[in-house]
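Worksheet: one structure, shown below.
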């Protein structure tokens, strides 16, 4: 440790110290580029950490995709854990704590274990890297850390979610997965992966390996053609799997909310079954022609959990006794396709809530129940997206799909993310003091206003002046927006119910969870 940092480090906990060192590995905002950013270095790092043989023995499930890959991995892990296996799950990004990325048997790795593995990997790499082979950047280090954790913890199965793309993703250093999966494809990270579905599909198919069967969902023809071609070149058996039939759950619900999750569950079943078969546990696997899912599969699918994806959290800061006055609907959608899916989920959740309130009224229960039912429900959008994404592609499908389902936002709030890109951990918050550049938030709000006006059939664009107008506001910080929402409920004497959709960025979703949990 540098001498000048001694005072700082003494004031930090051991965990914060590790996170500060981890932050030093963030070299830029992007995790890779189209050329692979010297991807071959990953193999050198694996050698430095003596992980070559452990990784060859690791029984890996590798999953790429534009949307749904994290949910697919979560379902897969939950199924195999229910079947009695010792599981390791590596996903990204984290929402609140970086340890979320490393799950052992469904639980975030403990702080003690994280520190032990972190310092072992960091010190070993620091000792062996050089000017020609520099320290790995953040995501590569985290992938290497996952391999070390899973090998030393001797997991039965390692489920790896691709961070970005596929071909040059750090997880693609794995050469012998037992099975691969490609979740739904769409337009995202186009500045890195390409401007067409064919180019994006080609990057995702980079995880295919000779000898490892692969599964995907129904994809647009342009993407499917590329996936089949790539599979054929490697003599990979590629199978298209259908959405899970809800009847196979015998009246139970998936652990992850939203109709789209039946697609991800169908892919997870195929991955789990194939892994079981190839790992020598055929008796536990699911045969497609069977009209009955094994009970352990149902248990895994219905108990799966994944924060920040179609998650509903009531804010107890407004009223601990009756926390329905302010409810956050959190979904990290950040592509045009996922925004539409998010809008359908939010609309369905709102309808379900309204039906529940009507039932309260009709049953003539207690006065407090009836007061709760008589509250006026108001929908509010809390939004931000990264500057690499185009709000003109994200906001219209959200607005249109919600409107088609009878949901209209009374107000839209635009905020900067609280997290900053160059720090890791709970202390990685933007400076509270000083001027905050809100030019991007004002741009996003103009897109919102113009879309609203267009949908109303007006040729004239709304004049947007200052931080606030009738149906939208830009806040200089997320805590200010949360305070405004809480104050709005209290000022109305709790006679309204604010239903707040938080979307556009997983980072924003994580920031909101930090503040309200």
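The backbone N, Cα and C atoms fix where each Cβ goes, glycine too.
The Mg(2+) binding site feature in TrEMBL is assigned to 92, 161, 189. The ATP binding site annotation in TrEMBL covers 309, 331. The domain 'Mur ligase central' annotation in TrEMBL covers 63-235.
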Segment confidence, the domain 'Mur ligase central' (63-235), expressed as mean pLDDT:
94
Which residues in the same chain, at least 6 apart in sequence, have a Cβ under 8 Å from the Cβ of residue 161 (Mg(2+) binding site)?
63, 69, 70, 73, 89, 90, 91, 92, 171
List every residue in the same chain as residue 309 (ATP binding site), at least 6 positions away in sequence, whose Cβ is under 8 Å from its Cβ.
70, 71, 256, 257, 258, 331, 332
If you count other C-beta atoms within 10 angstroms, which of the binding-site residues 92, 331 is the most crowded?
331
